[in-house]
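Take a look at the structure below.
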Amino acid sequence: MLVRRLQPAILSYFLHKGRPFSLTVAAGSLLEYHPIGNPSAPLGYLEGFPRPDPKYAETIVAIPRFKSGKNISAKERKAGRVPSIVFEQENGEEGGNKRLISVKSKQIRKLVEHLGQSFFLSRLFELEVRSAFEDESEIIEKVRVLPRKLHLHSGTDAVLNVTFMRAPSTASLKVDVPLVFRGEDSCPGLRKGAYLNTIKRTVNYLCPADIVPPYIDVDLSELDVGQKIVMEELKVHPALKLLHQPNQPVCNLIGARASDQKRSK
């Protein structure tokens with residue numbers, strides 16, 4: 001009964017690898033994964049699944065901001081800072097323990113440009129709140145965070161606001177995980193002249209903070225004309241909880257041109 005509740009792709013992965021695993025299930029939902037023999041061990045990224053690129057492991061530096069409001073925010077932006085907030089997580093979303101902060105515009109803009117907006121919002125960072133931006137200044141708070149919301153100027157893409165969520169190991173966070181489509185070169189449907197209809201570019205999961213995926217690979221290498229990939233077929237860590245209907249499609253291949261179909265016969 002337990003096996004039938006697993007996503008087929010995940011079950012296939014573990015059976016193929018021959019790796020021992022243990023699952024805790026309550027009310028029909030997958031809640032927890034841990035290696036056999038050590039139930040209290042922290043969660044970790046699994047072999048073969050995307051993990052954060054250490055190239056972008058960067059500490060975001062912030063200073064306290066004691067007031068909020070439109071005029072205060074405008075002054076912060078003029079001074080090269082982004083008005084921001086860091087929250088405690090509660091039920092995967094913003095909760096209490098709010099701290100007003102400001103971060104450097106250049107640092108956030110650089111990270112967003114290098115990673116892309118969706119990938120920035122699915123990446124954990126270390127956050128240091130200091131009394132000043134100087135290296136020797138006092139550290140007020142040092143915590144791991146997930147960027148939760150990012151507000152860009154519609155005309156210039158300048159960063160206007162950013163919201164961070166504290167992400168200790170005990171937290172579960174709602175994350176819009178970006179999708180990366182691979183295998184186009186060997187996709188039989190595309191080779192027949194069909195075209196890829198991308199329905200979703202991100203998928204929402206409830207993720208344990210230690211294993212937030214930077215993205216999810218979507219394999220198109222066996223997709224034929226008229227076929228689709230739905231959310232429950234995505235290969236993710238078994239501890240992630242899908243927050244959509246499992247049969248929602250993320251992409252499909254839509255018909256080939258008549259001339260291409262004739263050539264393929």
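Using the three backbone atoms N, Cα and C, a Cβ is placed for every residue, glycine included.
Heads up, TrEMBL stuff is auto-annotated, nobody curated it.
Per TrEMBL, domain 'Large ribosomal subunit protein bL25 L25' is recorded for 61-164. Across the domain 'Large ribosomal subunit protein bL25 L25' (61-164), DSSP assigns 24 helix, 47 strand, 33 coil.
Under the heading domain 'Large ribosomal subunit protein bL25 beta', TrEMBL lists 173-255. With helix defined as DSSP H, G or I and strand as E or B, the domain 'Large ribosomal subunit protein bL25 beta' (173-255) counts 13 helix, 36 strand, 34 coil.
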